[in-house]
């Protein structure tokens with residue numbers, strides 16, 4: 001009869017203990033009166049440096065720094081003789097805690113019961129929770145053998161998520177607008193840790209992208225200063241979204257290409273893709289749309305043997321070529337490759353002939369201001385009447401009134417005053433002084 005009463009008292013004590021645990025730890029899982037399971041958070045106040053070896057364990061491949069580890073699962077089984085005559089059976093489950101530490105910790109829990117021979121579950125749980133804050137006495141620097149990449153990923157992901165949850169429940173003052181926000185409305189930069197509200201960062205970085213101020217896409221806190229590195233693409237996307245980030249990548253890539261003298265852009269207006277060319281080579285192929293074109297004239301590819309079609313002012317081209325010949329011979333050779341040396345030589349000769357002809361016209365003739373026809377005066381006065389019907393001055397080329405063409409020569413203010421019958425020599429002197 002006595003044994004039955006003792007067994008009944010034990011059950012009541014265990015039931016009361018489990019009810020108390022349920023109220024203290026609502027997240028605990030209990031199964032009947034003899035089994036329980038509880039996740040113990042492992043959030044430390046110190047940084048832990050975890051190094052991982054290569055598969056052959058010859059080198060260290062990576063080192064991570066964390067403060068949060070995946071939960072330790074604490075299970076207990078209560079025998080019938082508990083709490084006075086038999087201790088609980090404890091099982092500690094963890095993907096990262098070494099087996100040696102698990103055994104030491106389990107032994108310490110049994111020792112707690114040995115000291116009192118009574119209900120010990122609360123003390124056991126609190127003991128585990130207290131030393132969890134120091135990662136169960138593990139050193140702050142640990143080395144894992146090869147083959148633990150999955151564990152590294154698990155710890156990193158857990159630590160990142162735990163830090164995010166901590167961040168979201170805190171309050172922060174934005175260093176731009178100085179208002180206070182919940183962490184859920186803020187963003188913390190990875191490199192420096194500075195925090196600003198999402199609205200201010202989004203507005204600022206959007207403006208930087210739209211205005212092409214790519215070097216300013218970095219931390220805006222004054223402590224970081226002008227030498228702060230630009231944001232990572234992942235951070236930028238978290239703030240301004242995918243569309244603007246893609247636009248930034250396109251513009252930044254184009255700017256980088258524009259600074260490369262060997263990069264030219266597709267002449268198709270709808271493409272504008274980059275193409276890398278070898279110096280001196282005509283053929284260029286767009287990396288975006290595969291369009292083949294001439295790197296010199298931007299026209300559809302016309303072959304190495306066909307010269308580029310000459311467009312624009314040939315005189316400017318000749319001036320450029322002659323200047324290159326004197327100062328930058330390699331650029332003169334590039335023009336010869338583009339248009340062909342014979343064509344360039346012919347243009348040089350033509351421009352020189354045109355200049356000589358223009359000099360003769362300047363000294364010996366005059367162009368009609370209406371039709372540009374060259375008029376030569378053999379004899380007579382300086383009042384010219386062109387075939388197109390225009391009256392003009394042979395000396396200065398000015399229009400003359402048909403009703404009174406000689407007023408121009410009788411006006412004291414006119415540059416041609418008194419020179420109605422100027423000689424050829426006087427015409428040359430006039431041209432040298434007034435043109």
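Each Cβ is built from the backbone N, Cα and C atoms, and glycine gets one as well.
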Record-annotated Zn(2+) 6 site (Swiss-Prot): member among 381, 416 besides 393, 396, 408: 416
Residues flagged as zinc finger in Swiss-Prot, choosing from 123-173, 174-224: 174-224
Zinc finger range according to Swiss-Prot, out of 339-367, 368-396: 368-396
Hey, for the Zn(2+) 1 site built from 174, 177, 197, 200, who else sits with CB inside 8 A of the CB center? 175, 176, 178, 179, 181, 196, 199, 201
Under 8 Å by Cβ from residue 386 (Zn(2+) 5 binding site), counting only residues of that chain that are 6 or more apart: 368, 370, 371, 373, 375, 392
The average per-residue pLDDT within the zinc finger (245-308) comes out at 80
For residue 200 (Zn(2+) 1 binding site), which DSSP three-state class applies? helix
Sequence-distant contacts of the zinc finger (368-396), meaning Cβ under 8 Å and at least 6 residues beyond its ends, amount to 361, 402, 405-406, 408-409, 415-416, 419-422, 424, 427, 430, 434
At the Cα level, what's the spacing in Å between residue 297 (Zn(2+) 4 binding site) and residue 396 (Zn(2+) 6 binding site), rounded? 41
Setting 266, 271, 286, 289 aside, what same-chain residues sit with their Cβ within 8 Å of the center of the Cβ atoms that define the Zn(2+) 3 site, listed in sequence order? 265, 268, 272, 273, 275, 287, 288, 290, 291
